Amino acid sequence: MQLDEFFVTGEPLIYGGMVAIALVTSAILFILTYFKKWNWLWREWLTTVDHKKIGIMYILSALAMLFRGGMDALMMRVQLAFPGMNFLNAQHYDEVFTTHGTVMIIFMAMPFLIGLMNIIVPLQIGARDFAFPFVNAISFWSFFFGAMLFNISFVIGGSPDAGWTSYTPLAGAAMSPGPGQNFYLLGLQLAGIGTLATGINLMVTILKMRAPSMKMFHMPIFTWSSFITCFIIIFAFPILTVALALMTIDRIFGSQFFTLTGEGLPMMWTNLFWMWGHPEVYIVILPAFGIFSEIIATFAKKRLFGYSAMVWSIVLIAGLSFLVWVHHFFTMGAGAFVNSVFSISTMLIAVPTGVKIFNWLGTLYKSKIEFSVAMLWSLAFIPSFVIGGVTGVMLGMAAADFQFHNSYFLVAHFHYVLIAGTVFACFAGLVYWYPKMFGHKLNERIGKWSFWFFLIGFHVCFFPQFFIGLDGMPRRIFYIAPEWFTLNFISTIGAFGMGVGFAIFVYNIYYSFRYSERETTGDAWNNGRTLEWATAAPVPHYNFATLPDKVGYDALLDMKEKGETTFDESKLEPIHMPNNTGKPIIMMGILAFASFALVFEWVTLAAIGLIGTIIMMGIRSFDYDDGHYVSVDEIKRTERAARGLNDE
Amino acid sequence: MNRKKHHYKKGFIFLLLSMVVLLSGCEQMVVFDPKGPVAESQKDLILYSLIYMAGIIVVVFAAFAIIVVKYRDHPNRKASSYKPNLHGNKAIEAVWIIIPIIIVTLLSIPTVNTLFDLEEPPVSSSDKEPLVVYATAANWKWFFSYPEQDIETVNYLHIPTDRAIEFRLASAGSMAALWIPALGGQKYNMAGMQTVLYLQADEPGVYDGRNSNFNGEGFTEHTFEVYAESGDKFNEWVSEQQETAPNLTQKKYNKLLEPGLVDRYTFSSTHRDWVQHGTLEDMDYTIERFREAYETNMHLENDGEQTNNEH
């Protein structure tokens, strides 16, 4: 293979990307070496099994991916605002929207939420760690390497270009030759291992690791939404795993599952993809609902309205999410009866979702609203998401969908639900729990700037798209007819507004790191209702010195009333914690190497890598490391320091 | 505090005004400007749903605005207006479960009716047999075969007005979707199977049609124009083509079928004599012949004009 087949050549934008990658990588390497941080990085982060640190790594990676996906979005918007400039050619444009969709869903939204779940769920249920901390580290590294594998595609080998849904036969070997599509398949497959493992891990954690006496129906609502999300993950992800595997075998080993030759069934991919893909959108929205519920209750200083209705509506939404996948291809000609069934089941989802919206309004009713940045994101979510929701019902009406399908109306709809739902929740959740993660708050004033830029930019960007869609503009075209120009141009302005909002958000992280007051109390907002706010600041690696006992709903409120804390010196006992280990990163590193080899169809190398992974599993199975105990003295010292108590 | 309140009101009024302004442009939008009974019924359904959606939006937005303004934390509030433990009310919860169910029911009925209607030719032309047109999408052009007239057009289409067109959709390669928004919604073109789409034009005119389902590099240019004209004019056009247009040979067809963009063509025979892409036996026709052609890149840029200008 020639070097110029390996690296992507001939595109000035991609050369720019290469230079940027090289510069950033060498800068990181230089800083780590210069400040002698390699050892620290390995000891504290790369080998960690602490759920909080793993969560932070998830969120940092997700923010990086948000940047990448956002750059893709801005490139598309520039091309559509100035089509004559030929900023991107057709092929490059196809690659950019493919990676935008994939990165945002798989490598941004999901990891961001999983990161928040990682950090918060064990704290909310009074647990000291995940049920399987080692597996948790494996999950993170498989996601991380999957994301990296997918991301290098634009400089090495070439990006996938068949859309994030990668419909066959277009995505098959015959019509999309080259490594691009393989990057998609193996990047997703590798990351999918981590997601599935997290689903199982988190579910067991929630079921088995709760504080003694915490009943299921006393769990905080974010934990509930995470729990139901785990169900969806466990039932939906195997479908994706199988579908990806079948297409990989098609492309690399010449089988005929989804091909046009040899009696393949291309539409089977579409079915499998959406049987996973529809539940997937609820994997990224249900935890978001949980986040908003927590934040609204906290900053409205009021108990959540309709708690059990909230829980049951999540359960109902999760169940229905598996029964509606055909609405992604009403236009396939399945017939009026099938379309009617899926049309009605789709519209039914609006009922439990509506219940949730009204319950949030009910929570705000007779409350005392404090307009903190986290609360602003949550409040802005409600009207924005309602627009996304009602247009979703319109799309669910199959006969009308024949006109909406594949048009910008659809693009506007799913950005309205995914950005107003998921992205707002990511920002809100990060701001809200930031003091738990880093021991200081984000600056509120800068946060408000970022919020307003992003919110206004968002509506300016996507609201016009409903109308361009109704005017017949399809998605994924790389230049536009003149009659669509004005609204597209407005849309592009909005996209840059969102970009500015994100930039301010990132600046805020830096600014607050430098100048924000350090937290001295665990209950950073003074209104914490749930157990995560009962830990010390910074959160010790064992979370709770003494596990809260007899907890009910809004456990921290109860504790505050009774004057209890999670640090009762008379009850201290040594705490058992797992040891750090380098095996997860090594194991997943080898698997990533195997995947990379398979992308280029170097089957021997891939086999060697796979054997290496299996050997690592063998080594792990003979690992008799039982972890260590944190002594009572150490707990005392840590807690006293964190809580500002005097030494005896 | 008063100033702040003012801001909310202003924002709300601005939002309502901007929606009115944007919606007033609806008449020009192609989906709201139907030229045939199918698009008409879909427009009616969309407008019907918009009434309910607007209702929901008004109710939720109003409730939201009032609550957020009224219950913000400010010093002049009465202590009695804050109830931190209020956490449920069975009656009101029942109301906001039942009303959405009613709305969904009211939306489902016309949706299902329209769905079943769309599977049949439009009622307004039920006295005439539909005109059958095989619409085959190939990367990245359209072949329209008229079996009765025994002619075939590439990248453009003539249809008579006031008569249903029975499109039999198939693809010679990747999946596509035939969409003529002025005449009605789309359906997929897939290789190895055939879907049927009924459309009809009531007004003569030239309408934009395209493939709306992404299918690779030439997707943006995968368009065609529909010339709707009276039955007589259409028949005139047909006989002219039958006399003047050349025969479509398999060699010529294969040349056109090769992945890439081509101009408009007309032929006085159809490709259905030797290949029917909508059947399982023939679904690999293109792949078997042009596998290598997919490896080359067209480097397609926007040259400011459509390629299908030749008529």
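Glycine is no exception: its Cβ is also placed from the backbone N, Cα and C atoms.
Look at TrEMBL and you will find A:12-35, A:56-76, A:96-121, A:133-156, A:227-253, A:304-326, A:332-355, A:376-400, A:412-434, A:446-467, A:487-510, A:586-619 (among others) tagged as transmembrane segment. Here TrEMBL flags A:34-551 as domain 'Cytochrome oxidase subunit I profile'.
Listed by sequence, the residues of this chain that lie at least six past the ends of the transmembrane segment (A:96-121) yet keep a Cβ under 8 A from its Cβ atoms are 51-52, 54-59, 61-63, 65-66, 68-69, 72-73, 75-76, 88, 130, 136, 139, 143, 146-147, 150-151, 153-154, 159-166, 184, 187-188, 191, 195, 198, 202, 205-206, 222-223, 226, 229, 280, 283-284, 287-288, 291, 418, 422-423, 425-426, 429-430, 433, 436-437, 476, 532.
Mean model confidence for the domain 'Cytochrome oxidase subunit I profile' (A:34-551) is a pLDDT of 95. Scored by C-beta pairs under 8 angstroms, the transmembrane segment (A:227-253) has its highest count with A:586-619, from the stretches A:133-156, A:487-510, A:586-619. Below 8 angstroms of C-beta separation, residues 1, 138, 141-142, 144-146, 148-149, 157, 179, 182-183, 186-187, 189-190, 248, 252 of the same chain, each at least six residues beyond the ends of the transmembrane segment (A:586-619), sit close to that stretch. Note: the stretches the transmembrane segment (A:376-400) and the transmembrane segment (A:487-510) are not in contact (fewer than 3 CB pairs below 8 A, sequence gap of 6 or more). Remote same-chain partners of the transmembrane segment (A:133-156), defined as residues 6 or more beyond its termini with a Cβ less than 8 Å from a stretch Cβ, comprise 6-8, 14, 17-18, 21, 47-51, 54, 57-58, 61, 65, 68, 95, 99, 102-103, 106-107, 111, 114, 118, 179-180, 183-184, 186-195, 197-198, 200-201, 578, 581, 583-585, 587-589, 591-592, 595-596, 599, 620.
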